[in-house]
C-alpha cells in the first residue's frame, strides 16, 4: 500500500519538474501546512499548463496571489508578517515532539553533550540563513523543493521531495508511539479487552485515539487544519511549562548528578538532538510571508536562540530531577500524583491527535493535484480521506509493532532530519553561489556537509542496531 502511494507521488513530482510552476503553489512542508493555506485556501485544484487558475478561492483574506512575470520573478501580495509574527511562526514550527527526549539525550550523552545540542542549534540557524539567501537570489523559488530544483535540477527536486515525505511518514510513526506511551500512563489502572482481538490495553487505547483523530484527515479546509495545528503548538508550550513548574516548585528534587560525557552514546543522541531542530522545510513559506524578507536572518537567529535555550534548560531540568531513571519522554518520568503531571500527560496525548491532519496535508495536496480536473469535489474529498485513513491505519500498525520511541525518533533525526536541516541547505547554497562564494564560506559549508554526513551515518547505524535489538527482545 505504502510503496504504491509513494510511486504515484514520485511519478507526479517527476512529471511536474520540467514545467515551470506558474499559478500553482504546493507547500511540501512537514510542519508548515498551515502556511500553505495562503497559497491553496479552498482551491479546487484545476490548473492546467499555460492556463490561468480557474479555481474559486472562498477565503479572500488569507489568499496570496502570485503573478509570474516574463523573467520568472514574482509579485507577492499580502506578504505582511512582521518580525515578531515571523519569530512566533518559526518558534512554533520548531517546538514539538523533540523536546520530550532532550533530558533523556542529555543524561545518556553527559552534560558535555549540551555543547552538541547548542552547536546543532547554531548550525541550523546558519542553514536557515542559507535558505533565505537562495530565496533572495531567485524569487520564483517558493518552497524547499524549488530550491533543490534551482540547485540541481530535476534530481534535486526529486531527492528533496523524497526526504520530505520520508520525514512525514517517520514523524507520524513517532507521534503515534508517543500517543500510545502516554495514554498507557494516563489510564494506568484500566483493563480493556475486545472479543476475538488479541490486543493489550495500551494498544486498544491507541486504536481508539487514532480512530477519534481519523476524521481530521478528511478536512479539506486548510484554515481548520491550521486551527488544529495551533492547538498542537499550545500543547507543546504547555508541556515545557509543566516540567519547569515541577522543577521550580520542588515537587521533585534535582539531586542527581549528570555524567560528564558518554562518548559511545553520542551517535545515537545526535539524532534526537537534530530532530528537535527539524523545521527547515517550512522556512521558505515564512520567508515569503514576511513584510521585510531582509530580516529573515535575524528571525532565524532569534527563533533558534529561543528554542535552543528552551531545549537546553529542559534537558538539564529533566536530567537533574530524574537522573539515570529519566524516560525517553520526560512526561513519563514525572510523579503520577501531581496535577502538573496529569496536565503534561494529556497535553502530550492531544499533541499527536492535532498533528495528523497537518502532517498529512502536503501529501493530500500533491494527491489532489494528481487527480483529473473534471472530478467532483465530493469525489476528491472521498479519495483524499480514504487514502489518508489507510495511511494512518498503516502507521498505527507499524507504531504498535515497533513501540520504541527513542530509537525511531533518533533514526528519523539521523537518517532524514540532518539531511534536510544541514546537508541539503549547504549543498544547495554552494551549487547556486559557486561563482560568488568566498573561501571561508566554502570551507564552512563543506565542513557542515561532512559533519552532517558522518553524524547521519553513525547515528543511523547506532539507532538501527538499537531498534533491531529491541525488536528481537520484544516489548517489556
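Cβ atoms here come from the backbone N, Cα and C positions, even for glycine.
Unlike curated entries, TrEMBL annotations are predicted automatically.
Not measured: the values here are computed from a predicted model.
The domain 'Amino acid transporter transmembrane' annotation in TrEMBL covers 80-462.
Look at TrEMBL and you will find 83-105 (among others) tagged as transmembrane segment. Note on the transmembrane segment (83-105): residues 31-32, 35, 113, 117, 171, 174-175, 178, 230, 232-233, 236-237, 239-240, 269, 272-273, 275-279, 282-283, 286, 289-290, 292, 295-296, 298-300, 302-304, 306-307, 310-312, 314-319, 322, 326-331, 333, 348, 351, 405-406, 409, 413 of its chain, located 6 or more positions outside it, place their CB under 8 angstroms from a CB of the stretch.
Beyond the transmembrane segment (111-132), the same-chain residues lying 6 or more positions past its ends with a Cβ under 8 Å from any Cβ of the stretch are 102, 105, 144, 147, 258-262, 266, 269-270, 273-274, 276-277, 280, 283-284, 287, 293, 296-297, 300-301, 303-305, 307-308, 311-312, 315-316, 319, 421-422, 425-426, 428-429, 445, 448, 451. Under the heading transmembrane segment, TrEMBL lists 111-132 (among others).
The transmembrane segment annotation in TrEMBL covers 158-177 (among others).
The annotation transmembrane segment is assigned in TrEMBL to 197-218 (among others).
What TrEMBL lists as transmembrane segment is 225-248 (among others).
Annotated transmembrane segment per TrEMBL: 268-287 (among others), in sequence order.
Marked as transmembrane segment by TrEMBL: 299-323 (among others). Same-chain residues lying 6 or more positions outside the transmembrane segment (299-323) and placing a CB less than 8 Å from one of its CB atoms are 83, 86-87, 90-91, 94-95, 98-99, 102-107, 111, 114, 117-118, 121-122, 124-125, 128-129, 132, 240, 243-244, 246-247, 252-258, 276-277, 283, 286, 290, 330, 333.
Annotation source TrEMBL lists transmembrane segment at 343-361 (among others).
The feature transmembrane segment is assigned by TrEMBL to 382-401 (among others).
As annotated by TrEMBL, transmembrane segment applies to 407-430 (among others).
Annotation comment: TrEMBL describes 442-461 (among others) as transmembrane segment.
Long-range contacts of the transmembrane segment (197-218) within the same chain, counting only residues at least 6 positions beyond its ends with a Cβ under 8 Å from a Cβ of the stretch, are 176, 179-181, 183-184, 187, 190-191, 225, 228, 349, 352-353, 356-357, 360, 364, 381, 384-385, 388-389, 392-393, 396, 399-400. If one looks beyond the transmembrane segment (268-287) by at least 6 residues along the same chain, the residues whose Cβ comes under 8 Å of a Cβ in the stretch are 27-32, 35-36, 38, 81, 86, 89-90, 93-94, 97-99, 101-102, 104-106, 108-109, 113, 116-117, 120-121, 124, 127-128, 131-132, 135, 141-144, 146-147, 164, 167, 293, 296, 299-300, 304, 307, 311, 406, 409-415, 417-418, 420-422, 425, 455, 458-460, 462-463, 466.
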